[in-house]
Amino acid sequence: MANAPRILALGLLALLCAAAGPAAAQNCGCQPNFCCSKFGYCGTTDAYCGDGCQSGPCRSGGGGGGGGGGGGGGSGGANVANVVTDAFFNGIKNQAGSGCEGKNFYTRSAFLSAVNAYPGFAHGGTEVEGKREIAAFFAHVTHETGHFCYISEINKSNAYCDASNRQWPCAAGQKYYGRGPLQISWNYNYGPAGRDIGFNGLADPNRVAQDAVIAFKTALWFWMNNVHRVMPQGFGATIRAINGALECNGNNPAQMNARVGYYKQYCQQLRVDPGPNLTC
């Protein structure tokens, strides 16, 4: 289900990440020990320090930087197109009610088109680790969208505009409530996501709800910048990265366990052990 508390958690996480990044130095104005990505953002993950890194402690090749995307990709991992079959994808979507708007919006082909832009997804480790990442991604997507039922947040009254953010100022009349597979929200997420993907996320945030490829790209953008790096720590770390403030440390065990349940279900379908540290 898509709801305001989870969207707020995503937004707060992104705000904390943004606050920790930029400061003083080099092309991006990054702190020492931060990389300036090819898109001009500061960070320490492969998305920043890998392919196209402009300055800072760049890593040649990056984690999954080569070509391949949906069918193959970077260094090690899972073949995404072979793992996310029609049966797997539609097995999730078919559990949504017949009246759900997302049933005619989210498609496997849109996901595979989007994942081509993120060759590091499900790569950088072993095949088992890659399959676990795929299972984790779709577990969170299932939970956030109600098995691909929802495209946009149910409650659209909140604009999710952080007026204090001068780098990504809100556009007049626009609202930045949750949209897409991971329900991206807040102006400071829509702005950089749009810039990286190739649309004006501040002036036209609704593109995420109109174009399924862009919708999946925004989800993968958030995932690769905030979640991918914690996958080796176990599924529980991905919950903490996405909605830890509201679900971890006993705050909402029912919601946390629902995510874990989807993850274990998808790991079983993909014939991989879910690994340790499933909760947070």
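In case you wondered, yes, glycine gets a Cβ from its N, Cα and C as well.
Residues annotated as signal peptide in Swiss-Prot: 1-25.
Here Swiss-Prot flags 26-60 as domain 'Chitin-binding type-1'.
Summarising the annotation, Swiss-Prot assigns disulfide bond to C28-C36 (among others).
According to Swiss-Prot, the feature disulfide bond maps to C30-C42 (among others), an assignment based on sequence analysis.
In the three-state DSSP scheme, C49 (disulfide bond) is classed as helix. According to Swiss-Prot, the feature disulfide bond maps to C35-C49 (among others), an assignment based on sequence analysis.
As annotated by Swiss-Prot, disulfide bond applies to C53-C58 (among others).
Swiss-Prot lists 61-77 with the feature region 'Hinge region (poly-Gly)', giving a curator's inference as the kind of evidence.
Per Swiss-Prot, region 'Catalytic' is recorded for 78-280, and the stated evidence type is a curator's inference.
Taken from Swiss-Prot, the feature disulfide bond covers C100-C149 (among others), and the record attributes it to experimental evidence. When other Cβ atoms within 10 Å of the Cβ of C149 (disulfide bond) are tallied across all protein chains shown, the result is 20. Mapped onto three states, the DSSP output places C149 (disulfide bond) in coil.
The active site, proton donor annotation in Swiss-Prot covers E144, and the record cites a curator's inference as its basis. Its Cβ taken as reference, E144 (active site, proton donor) is surrounded by 26 other Cβ atoms within 10 Å in the chains shown.
Per Swiss-Prot, the feature N-linked glycosylation site maps to N155 (among others). Its Cβ taken as reference, N155 (N-linked glycosylation site) is surrounded by 12 other Cβ atoms within 10 Å in the chains shown.
Residues or ranges marked as disulfide bond in Swiss-Prot: C161-C170 (among others). Counting every protein chain shown, the Cβ of C170 (disulfide bond) has 22 other Cβ atoms within 10 Å.
Around the Cβ of C280 (disulfide bond), the same chain contributes G236, A237, I239, R240, G244, E247, C248, N249, M256, each under 8 angstroms and 6 or more positions distant in sequence. Annotated disulfide bond per Swiss-Prot: C248-C280 (among others), in sequence order, evidence recorded as experimental evidence.
DSSP assigns N277 (N-linked glycosylation site) to coil in the three-state reduction, placing it in neither a helix nor a strand. The N-linked glycosylation site annotation in Swiss-Prot covers N277 (among others).
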Taking only the Cα atoms, work out how far C170 (disulfide bond) lies from C53 (disulfide bond), in Å, as a whole number.
28
What does DSSP call E144 (active site, proton donor) in the simple three-state scheme?
helix
Can you tell which of the recorded positions C100, E144, N155, C161, N277 lies nearest to C53 (disulfide bond) in space, using Cα positions?
C161
Residue from C49, E144, C149, N155, N277 whose C-alpha is spatially nearest that of C161 (disulfide bond), among the recorded positions:
N155
Nearest to N277 (N-linked glycosylation site) in three-dimensional space, by Cα, is which of the recorded positions C49, C100, E144, C149, N155?
E144
